[in-house]
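*Asks:* What follows is a single structure, and I will ask about it in a moment.
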Amino acid sequence: MAPSSVTSRFHESVTRHALCSYLSEFISTFFYVFLVVGSGMSSRKLMPDASLNPTSLVVVAIASAFALSSVLYIAWDISGGHVNPAVTFAMAVGGHVSVPTALFYWVAQLIASVMACLVLRVIVVGMHVPTYTIAEEMTGFGASVLEGFLTFVLVYTVYAARDPRRGPMSSTGILLVGFVAGAGVLAAGPFSGGSMNPACAFGSATIAGSFRNQAVYWVGPLIGATIAGLLYDNVLFRSLPSGLSEGIGV
């Protein structure tokens, strides 16, 4: 890539519209992580033995579904509503967003996640911020594969919901993305936590001070998201000449 092209892409990543997109990603990711991690803390408060109570899993799944649908609705037309480094990574690999823009998205998402967990840690006195962990029956590799598969399903649904060839984006598409996230929590919660979002896992791990098995929540989701994006764009539904960039991010 020519130096002038690199410079041009960087300047496009620091325009007023781009800065608004980063702020939107920060706000939406903050809300999402706050609600998801907060629901986990609430279930532990009401059910001290929450790890053995299936009700707590349902609570977190419902919170994940509603929270993701809500933040996608408020961020969709501004930043594209990534709210997830795995989604951003897939978009960058597919050429829908530039690398500098993707990096700024990552920074906004990770800082927002850490701050959301920090706020929870400060205001909820006497409770630890829960972290994503893998079950004793799972290996790190198996948990990573599981997280990767669930992220594949999530990101593939995101691509389908955003595709302008399916018509204008509707609230139904946003709800479906949220439902898939909730289903992922129900399917993998007891085994790997059902994160499907590296930012969410990173924020809680940072505040809790424990990065054990953190690679599980990065490697699997990033690979799964990338495969989903490439498969949708290049195999099943080949992109329009201009790609999907008009409906995705900046």
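Keep in mind that glycine also has a Cβ here, set from the backbone N, Cα and C atoms.
What TrEMBL shows for this protein is this:
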type	residues	note
TRANSMEM	22-43	transmembrane segment
TRANSMEM	55-76	transmembrane segment
TRANSMEM	114-135	transmembrane segment
TRANSMEM	141-161	transmembrane segment
TRANSMEM	173-195	transmembrane segment
TRANSMEM	215-232	transmembrane segment
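Are these features on the surface or tucked inside, and what are their neighbours?
*Replies:* Among residues of the same chain six or more beyond the transmembrane segment (22-43), those with a C-beta under 8 A of the stretch's C-beta atoms are 50, 53, 55-56, 59-60, 62-64, 66-68, 70-72, 74-75, 78-79, 81-84, 104-105, 107-109, 111-113, 115-117, 119-120, 124, 127, 129-130, 197, 199-200, 203-204.
Remote same-chain partners of the transmembrane segment (55-76), defined as residues 6 or more beyond its termini with a Cβ less than 8 Å from a stretch Cβ, comprise 24-25, 27-29, 31-32, 35-36, 38-40, 42-44, 47, 83, 169, 171, 174-175, 177-179, 181-186, 189-190, 194.
Counting only same-chain residues 6+ beyond the ends of the transmembrane segment (173-195), those with a CB under 8 A from a CB of the stretch are 57-58, 60-62, 64-70, 72-73, 76, 132-135, 137-138, 143, 146-147, 150, 153-154, 157-158, 160-162, 166, 201, 216-217, 221.
Within its own chain, the transmembrane segment (215-232) has Cβ neighbours under 8 Å at 84-87, 89-91, 93-94, 132, 134, 140, 143-156, 159-160, 192-193, 195-198, 201-202, counting only residues six or more beyond its boundaries.
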